[in-house]
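Comments concern the structure below.
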Amino acid sequence: MKMILVRRFRVLILMAFLAACALHLVLDLLPKLERSAARPSGEPGCSCAQPAAEAAAPGWAQARGHPGGELEAAASAAGDAGWPNKHTLRILQDFSSDPSSNLTSHSLEKLPPQPKRPRAPRRGRILESGAPQIRLTGRSPRDPGPRGPVLPPGLSGDGSLLTRLFQHPLYQVPIPPLTEGDVLFNVNSDIRFNPKAATAENPDWPHEGPEDEFLPTGEAAVDSYPNWLKFHIGINRYELYSRHNPAVGALLQDLGTQKITSVAMKSGGTQLKLIMTFQNYGQALFKPMKQTREQETPPDFFYFSDYERHNAEIAAFHLDRILDFRRVPPVAGRLVNMTKEIRDVTRDKKLWRTFFISPANNVCFYGECSYYCSTEHALCGKPDQIEGSLAAFLPDLALAKRKTWRNPWRRSYHKRKKAEWEVDPDYCEEVRQTPPYDSSHRLLDVMDMTIFDFLMGNMDRHHYETFEKFGNETFIIHLDNGRGFGKHSHDELSILVPLQQCCRIRRSTYLRLQLLAQEEHRLSLLMAEALRADRVAPVLLQPHLEALDRRLRIVLRAVGDCVEKDGLHSVVEDDLGPEHRAAAGR
């Protein structure tokens, strides 16, 4: 009798194991069944989007109970016709707020090798690592045309406040003549960019429509190159983009209108961000809307747990440009269809499985990240439309390596501990004795970044990056500005501590700040005009715009206190020649 019971128990265990395996296989096939059901008959390869009403299909309801699968992101099993085959993604720009994921050699997509499948060349096939080079015909990308005050489309109009600002002599100061070592990519007449070769080697590369409509061939003029490529080849030692480069305005238009062909979650970081690939092979980082315009950061939130705001990324780009730093990659707002432009085009099963329909019949998803990625913090559309910011990617790290630097005035990122600079009033003297702050213009760049962050109210500047090719004599890239513009009613004076401790500032920066404090060129009015053309306008509400004017006056008072204490020549670094000082009237 005892042996019979033992045998029955073993059979029961075996049956339970088999049932669990069968359930696992069924759940794994859900994406395939859902994608197959969404395709018209006779079109096995079509990934056509379905109306939002079809998002509530039974397959979704089943998937809601099983979020966060452990399958590899952006990959599918061989033979699974419901998901596109694996394809090689290029190394992507890292905008993470997580320092560990912001390393120079960090790749956001690590897919297993596929020896039996030809790999598609990265977009950087046109460039060579080490000394990247590009084939260009016609006009040089570093000389986009007349350097007059003709502004890119979408940024200002004729007779506008921005037009008058950029006609001012302070915004006409030229950069030094460029040598071969001053440009990120050099021209080479032997290397071509041929999209037909890429798609022929790997038909799974996201592509729709004729190549010649949106990609350059080897014989085309530079004007036919996609705007993301024009942006990349215009980067030099002194600026991320030139003042009057029309490709910047055109790139902003692309970010808001280009067809999205692929979506994947960005690895690393504390909050959900998506990598979006466009029809013209460009890529951008998508930050979805988490707060309404009216909401401020809760007073009990620490700076390191604050939400990342999509509108802050958009406003930061325009503020950086108005200050004439030009160190933020182009960012534009966009209204995205979560069904057609995210769910139906993603290869990321982990992301796909987090989609669900809310009780209000809205499409929602939450993805995977350290903070705010759960059903309680899901991102929901109305019913499937969601706002977000799209930041253009910088060139691949394999082609243009970047060095990551720890901000000397980095906060402690601890609930109780304070950083050294918060308790040592002479901290700047120690920084000045440390390379590269002891000999280059890096300290002045940090002061520019400090002013930029204070105007936005951004306390989350833990690291910054530079392009390795240019060594220490180059600008700081202002990445990851999503935690700015959180409180219009509060001015965080601790952000200004680097300026107050070091009492150093560029003359050009100081004069532009004084110019923007004048009624004729008031900063808030310029920002309002610049943001008005964005697709998700109004980007900032009036209280945030008024806070910019108030904080600008605080910065000027801080510089004035330094001048009174140490003298003008000790505080202000003269980076303008006599002819430019005379033209500016200073």
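Cβ coordinates are placed from backbone N, Cα and C, and glycine is handled just like the others.
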Under TrEMBL, the annotation region 'Disordered' belongs to which of these stretches: 58-79, 168-189, 410-431, 432-453?
58-79
Asp460 (active site) to Asp480 (ATP binding site) - Cα separation in whole Å:
9
Just how spread out is the ATP site if you go by the largest Cα to Cα distance in Å among Gln271, Lys287, Glu308, Ala391, Ala392, Phe393, Leu394, Glu465, Asp480?
20
So which of the recorded positions is most packed in, judged by how many other Cβ atoms lie within 10 Å of its Cβ, out of Asp460, Asp480?
Asp480
Packing count at Glu308 (ATP binding site) (other Cβ atoms within 10 Å of its Cβ):
27
